[in-house]
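Record features (TrEMBL):
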type	residues	note
TRANSMEM	24-49	transmembrane segment
TRANSMEM	61-82	transmembrane segment
TRANSMEM	102-122	transmembrane segment
TRANSMEM	134-154	transmembrane segment
TRANSMEM	202-220	transmembrane segment
TRANSMEM	232-255	transmembrane segment
TRANSMEM	298-318	transmembrane segment
TRANSMEM	325-343	transmembrane segment
TRANSMEM	349-369	transmembrane segment
TRANSMEM	389-408	transmembrane segment
Amino acid sequence: MTATVEAAPPQPEVTATAGSGRGAALTLLTTLSVLYFAVGAVLVLRYNLFDPDAPSRVANAGYVFMSRDPHLSAIGFVWNPLPSLAQLPVLMFAEWWPALKTHGLAAVVQSAVFMAGAAVMIRGIAIDRGLKPLWRRLAVACFALQPMIIVYGASGMSEAAEIFAIVWCARHLLRWVQTRREGDLAWAGIALGVGYLARYEVVVAGAGAALLVAAVAMYGARERGKLAGSALMVLIVVFPLATAFATWALTGWVVTGELFATLSSRYGNDHQVQAAMQKAGPLTRAASDDWVVISARLLGMQPFLGLATAAAVVVAALRRRVDVLVPLALFGPVLAFAAWGQYSSTTFGWFRFYLLAIPMVVCIALAFWSPARDPGDERGAVLTRRAGAALIVASLVIGFPVTVRAAMDDRIGNQQLQYGLPQLHDPERYPPGELWYRRLMVDDRRLAEYFDRRNLPPGSVLMDTFNTWGVWLASGNPKQFLITSDYDFTAALNRPWDFGVEFIVATSPSLGDSDAVSQRYPTMWADGAGFGMRVLSVAGASGDERFRVYRVTGPPAPPRS
């Protein structure tokens, strides 16, 4: 690779940002955090529009210190812990604003701050690359104001933390390619380690980073000691990720007996996908193996992804620049994994899984600006910068409307937050009362109120929170529930009449076979398993019966001989 790769330290404009830039960065972080949170709060409180995955992570955080049996491991091991850990301090304020817990707004705080942080990192990359203020602002707007970035910054989901971590990593890898400072390589590795605590897909981003670092280090190193030096560079960037990976797996194994609960647990992603495929419902359609659908979702998220990728490869080949390949090495593997996962039905093909296409294109555009000037190739540098500028402008002018249109097409935008966009635009054509996704968690809140009115003592209601987390979250008396994370849950499930359990919540078999109550008592839903009397039935958002509440009547009668 070339003198661009082996460039001298960047111009002063690359590093002289710490002083005056901190105030602007803090202002940007605060402004965008408030914007994203405001959008999320309105969607949840005014329109009841949300993805259930977001408040379920709030419940995981709440179990840690609000449940009947509080402990840190109650946060769970099926999903990565960072989003829920970030919500722990926010939930402290639920005493004064209950909606942080009951409506899951703590998750919105988390995603808003992480997505705003990603925008600050985009700004940092723009400064590092030497963009003038106008182009810097346009680049930030191209990311921060992209419609799906706003939606998922406001969603409470884990994508915001993932994007923050990978953009953070991209910034430091771009610096390292230019300067070879080991400190930047270490920060890139730390970013990947943090990202893994948000989403498992960061592992493939780490693999891409390791390959890039190995290639650059081996090519640029001197013949003597080349392999050892390259291996050390790779070790620096992968060590934090490997540490996070091993620590999380071993902790899960010690606590639950499962190294990778998301794969092996009956609550994990694999089991959920298999159950959905067996039912052949709408989730099966989401996991379409049609490459036309996959391409539509990918390019609907960012229509210039293919063009930007091709341009980066051309620039890398013709101008012998490695830095433009950094975004491809980090974001590309995650997007490829999402496409493969949808094609192979390993994961659900949610539109949001392709969200990384947005920062990928922005980072490619920014990488086209080089902070290390090459007087011998000024014309090539100008053309490359113009290509980056064209990508930013095209994404703003054309990309934004295309993404909105794609999200409003239910064949592409296939989750609640996309379904709701047409309704918000045209409520007369899409009456809220007829839309199932506008009634989510209404049944959970109704059931929570039913129990709250009874002023029950701790541990009076036994339920598996895999499907009933919303009931726990909506309740003003969460200690009345004896839940899955409680240390005595299994014992109480085996003999509820000996543990002071008054009610058991059974969930419909149509929701899957993961519910621990149904696993232990296969006839509980149908007849109370011989020791329960049905006292309440609750319909879900689709109108189908979702919950049945049984009062515990005592030990079942012994079988007749």
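Glycine is treated like the rest: Cβ placed from N, Cα and C.
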With CB pairs under 8 Å as the measure, which of the listed stretches 102-122, 134-154, 389-408 comes out on top against the transmembrane segment (349-369)?
134-154
Do the transmembrane segment (202-220) and the transmembrane segment (325-343) share at least 3 Cβ pairs closer than 8 Å, excluding pairs fewer than 6 residues apart in sequence?
yes
Can you work out whether the transmembrane segment (389-408) touches the transmembrane segment (134-154), with the criterion being 3+ CB pairs under 8 Å where the paired residues are 6 or more apart along the chain?
yes
Same-chain residue ranges lying at least 6 outside the transmembrane segment (134-154) that approach it to Cβ under 8 Å:
28, 32, 35-40, 43, 108, 111-112, 114-116, 118-119, 122-123, 126-127, 160, 301, 352, 355, 358-359, 362, 365-366, 389, 392-393, 395-396, 399-400, 403-404, 407, 417
